[in-house]
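Some features that TrEMBL has for this protein:
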- 1-19: signal peptide (SIGNAL)
- 19-55: domain 'CBM1' (DOMAIN)
- 61-94: region 'Disordered' (REGION)
- W146, D148, H278, W281, N317, W377, K405, E409: substrate binding site (BINDING)
- D411: active site, proton acceptor (ACT_SITE)
Amino acid sequence: MLKIQSLSALVFLLPLVRAAQPIYAQCGGTGYSGDTTCVSGAVCTKLNEFYSQCLPGSGAPTTTVSTPTVPSTTPVTTPTVTQPGTTTVPTSTGVPTAVSGNPYTGYEIYLSPYYAKEVDDAAAQISDASLKARALKVKDIPTFVWFDVIAKTGDLGTYLADADRKGKAEGKKYIVQIVVYDLPDRDCAAYASNGEFAIANGGEANYRRYVDQLVAEVRKYPDVRVIAVIEPDSLANMVTNMDVAKCRGAEKAYKEGVVYALQKLSAVGVYSYIDAGHAGWLGWNANLTPAARLYADIYKSAGSSPFIKGLATNVANYNALSASSPDPVTQGNQNTDELKYINAISPVLRQNGWNAQFIVDQGRSGRQNIRNEWGEWCNVRGAGFGMRPTLSTGSSLIDAIVWVKPGGEADGTSNTSAPRYDTHCGVASAHKPAPEAGTWFQEYFVALVQNASPTL
Ligand SMILES: *[C@@H]1O[C@H](CO)[C@@H](O)[C@H](O)[C@H]1NC(C)=O
């Protein structure tokens, strides 16, 4: 995956001299030798060691959110059920009790102020009034907040405090949706979202510290519910990409890290959905059983907590929930959309001891038939915002349709000389030029708005 980055950023205010870089252009990072100043109204903001970008603003650092993208490699071959429901039972003893039904039921979803700001800034640059109005509607659609670097964990406390305050003021209960995304040697089969921690350099201990910091924030706000997507792409890579040395080397750290995160998050009442790739990745017949076994093993290793709700699919990808006709790229795989994939893997999970539920990312799935190969994941041209988040999913297996990837944040840079360049970001179907993963990609956002289906 790709991912991203973000962070709380250090802002470099550089002396304004020379021709400054335009808004959203690169202004620093490893190997960068161009202008490090930004036009008036923008600040050169360090997003990660590889990339600084001119972001709107006049000084105050902002947090950038990141996002990932999904990967990659596709395998080669081809392959229904239900669950109970209930409601929640908070306890005051410190040990939370999980609801047996849909954890989204009865809650409002908190809107990420970071993403709302990105959308506001993006809309401000759109001159066409009707397009601008449609772009602004995206502000009111909930997305997940990505915690892709340890420096951002404090932001979780800010969001939880805000959600807690709003909930009390409005007499409502809020959910904050987060992505836990900082495993050491992250994105082992791709380049665009390599992370900050290296296994060779204390990465596993650093990761536990990262999880502990998230958990410490959650514990302070028991009235706000947190729903987490756990480590996009990581375990899916363990199913199909063990021919990649970095993935082989990361196996222990990934599995132990995910189990650690699940245990700690469950202990403070966070509902987790482990990332499970998508139909074009683990949905191939040859992958379904190994994938289901792995996920069920992880669930059991983490103590089979009822807070570990299930799996998240299609995170940052483009697949339809239920395609009206199979996209030609799906040929050879009978699971041509996410619903088919979920219906195929669910019984195998049950056979292995896990009655898992699902959430499905449809944030950028509005348009189909836009890829030349199913494995293409990077800034796919022609994509549009998709089905809105809803609990009316049409399947008892699916708790919610969600927007995990904040549309408009790039999947990866198309700069072939950048250290995190991944060739998937240079293919014919990729929208170019593209900035670093997780940073704002204005043209791409505008295209998502224009291509949105349903229309905005
Ligand atoms: C592409 O990346 C290289 C290496 O980081 C950098 O020197 C160059 O300025 C970048 N080009 C653009 C257009 O950002």
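Yeah, the Cβs are placed from backbone N, Cα and C, and that goes for glycine too.
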Seminar exercise, completed: Secondary structure split (DSSP) over the domain 'CBM1' (19-55) reads 0 helix, 17 strand, 20 coil
For this session: May I ask for the distance between K405 (substrate binding site) and the residue listed as 'active site, proton acceptor', taken between their Cα atoms and rounded to an integer number of Å?
Result: 9
For this session: Would you count the other CB atoms within 10 A of the CB of D148 (substrate binding site), including those on all shown protein chains?
Result: 30
Seminar exercise, completed: Between the C-alpha atoms of W377 (substrate binding site) and D411 (active site, proton acceptor), the distance in angstrom, to the nearest integer, is 8
